[in-house]
Amino acid sequence: MSKSKSLAFVIAALSYSFFSLFSSPPKSHYHELFISTSFSDNASVALNLHTLTRRPHVAGTVANAEAAEYVRSVFTSSALKSHVVAYQVSLTYPVHRSLVLTPTDSAKPITFLLEQEKLGDNPYANEVMPTFHGYAKSGNVSGPVVYANYGRVEDFVRLKKDMGVNVSGAVVIARYGQIYRGDIVKNAYEAGAVGVVIYTDKRDYGGDEWFPASKWMPPSGVQVGTVYNGLGDPTTPGWASVDGCERLSDEAVELSGDVPLIPSLPVSAADAEVILKTVVGDVSDGDVYPVGPGPGVLNLSYIGETVIAKIENVIGVIEGEEEPDRYVILGNHRDAWTFGAVDPNSGTAVLMEIAQRLDKLQKRGWKPRRTIILCNWDAEEYGLIGSTEWVEENREMLSSRAVAYLNVDCAVSGPGFHASATPQLDELIKVAAQEVRDPDNATQTIYESWIGSSDSVVIRRLGGGGSDYASFVQHVGVPGVDMSFGRGYPVYHSMYDDFTWMEKFGDPMFQRHVAMASVLGLVALRLADEEIIPLNYTSYALELKKSAEDLENEKLGHSIDVSTLIKSIEDLSTAAKRINIEKEAVKGTLKVRELNDRLMMAERALTDRDGLSERPWYKHLIYGPSKYDDYGSKSFPGVDDAIDNANRVNTKASWENVQHQIWRVSRAIRHASLVLKGELI
């Protein structure tokens with residue numbers, strides 16, 4: 001070899017070595033590290049959860065402010081630029097509660113203690129707030145008792161039409177388990193009831209043994225919670241509750257229709273059993289439906305205090321290196337009705353684990369392409385207040401810059417992976433689940449266990465109002481995800497949802513928490529790092545096609561035509577396939593940016609500035625809560641509301657409104673197609 005060739009070879013080798021030493025590895029390398037066992041730490045997860053759940057921490061209390069400071073300290077130590085965003089919001093707390101049953105057979109009145117039995121060795125059990133409903137109406141009412149099963153619309157229809165029972169003037173007793181508690185109270189009010197008692201039925205939440213011996217709710221356990229039917233601070237609907245802001249009066253809040261108009265109380269299965277057996281009869285047989293009204297009077301008295309309280313959202317930011325003005329947002333709430341080991345602090349522990357892993361990645365040289373924001377919300381339990389106020393304050397920025405919102409609430413309550421999402425994120429969730437090992441079966445991935453379950457790769461939708469994704473998806477139109485291990489748990493919203501329950505029954509080794517951090521974090525990293533944002537609208541078109549077919553199969557009559565809806569979905573499918581082809585060939589920074597903007601903004605096009613009829617805060621025309629169950633998810637919620645109304649009143653105008661709502665959805669889907677195409681007509 002000549003000297004010149006030898007020199008060239010040496011220079012080339014040195015150049016390669018220099019490049020290898022000082023160039024950054026591909027993003028995929030860091031993603032593999034993120035989900036590796038060397039990066040995960042179940043002991044740290046357990047410590048964080050134990051610290052967060054040491055004391056009850058209801059929104060607006062000192063204990064919850066201390067929890068906020070702890071979350072911020074972890075964010076800061078994990079190299080996130082962290083800060084607190086505070087709001088002054090209207091919250092309610094119990095002052096007086098009583099429930100007295102007076103049988104008419106001259107038996108002695110029964111006064112219920114309304115207390116949960118202190119079980120186990122939790123030293124802070126005495127700090128648990130008395131059982132109540134957030135935003136319950138104060139009042140003192142008496143009446144005969146009527147049993148209304150789950151308190152659904154169909155239950156009250158059955159009482160009136162099938163059984164001839166008049167609910168007017170009665171105190172309704174209903175059980176948790178099928179619909180949102182606020183809708184139980186609302187349905188009872190509309191049926192003429194003067195008060196509502198809601199209990200935790202052992203058929204739904206109990207077992208032969210109970211906590212601390214087993215996972216089931218003890219007979220004295222009470223599910224507390226809010227009965228507010230809106231989102232955000234009731235006194236600032238549509239705008240943020242900052243210092244000195246405009247507020248509605250108490251009278252205006254009551255006229256809004258979102259706060260209950262009759263008093264209510266949650267009670268235990270043990271107390272409910274006394275009421276039911278004394279007044280109604282035996283309801284232990286699910287096929288038997290004794291309803292009353294029975295030989296007795298129930299007096300319900302509740303006085304609540306409404307205060308303007310400080311709440312604190314903790315925000316942590318890792319700024320994007322190439323696209324700092326594009327946001328991938330992860331969120332979880334911190335406040336709990338009691339100790340909150342499952343709801344919500346399993347999710348908080350997952351969020352903190354993600355923060356700590358991202359810190360490890362940054363120390364290895366990783367920097368995200370887009371900005372990642374971690375949000376720990378406050379006052380979710382009262383009505384998604386912390387997240388809603390923040391979204392309302394940052395609405396325009398989020399509308400133009402948010403890529404996606406990834407939510408985790410009850411992250412872990414048992415085995416089995418579950419996901420809900422807007423459909424363009426379906427494939428990304430499945431891919432992430434294929435890369436993380438199942439925490440309950442190391443021989444399989446989460447995806448492999450998922451497809452073998454009864455819930456085989458069913459990704460639910462985000463139409464319900466059950467957690468903090470609601471403001472992002474339903475108000476602004478940001479693509480969203482919500483994930484969990486386990487689905488529902490018996491001690492929900494009771495004082496028994498503590499660290500001991502989690503350690504014994506929810507996740508003894510805290511490996512489910514670790515796996516949830518891996519899946520959720522991996523989805524976030526892909527959204528933040530991939531050059532082309534991994535959103536696939538062909539999944540969306542397929543999902544909409546199914547929903548349109550379901551609507552068509554209802555055979556509504558009255559000349560209702562869904563052909564325009566079907567045509568708009570076909571156009572969306574075409575546009576989705578076209579942009580997928582574009583992804584393969586696009587080159588150049590500006591071209592990539594423009595294509596990503598179309599992918600990001602298509603979801604916004606499915607919103608309408610006028611919102612749903614009679615529910616204008618909800619802007620999304622594809623996914624929103626059912627009018628009669630805030631937890632229930634509906635496709636085309638405006639159409640569903642119109643059909644329900646038309647079936648009741650059966651007028652020409654009501655059926656014309658059904659057609660109008662179908663037209664509105666069709667137009668929104670067409671707008672989404674135009675955004676994906678990126679062309680003016």
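Each Cβ is built from the backbone N, Cα and C atoms, and glycine gets one as well.
Taken verbatim from TrEMBL:
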- 1-23: signal peptide (SIGNAL)
- 141-223: domain 'PA' (DOMAIN)
- 313-500: domain 'Peptidase M28' (DOMAIN)
- 560-676: domain 'Transferrin receptor-like dimerisation' (DOMAIN)
So, by DSSP, how many helix, strand and coil residues make up the domain 'PA' (141-223)?
24 helix, 16 strand, 43 coil
Please spell out the DSSP helix, strand and coil residue counts for the domain 'Transferrin receptor-like dimerisation' (560-676).
77 helix, 15 strand, 25 coil
Taking only the residues in the domain 'Peptidase M28' (313-500), give me the average pLDDT of this model.
96
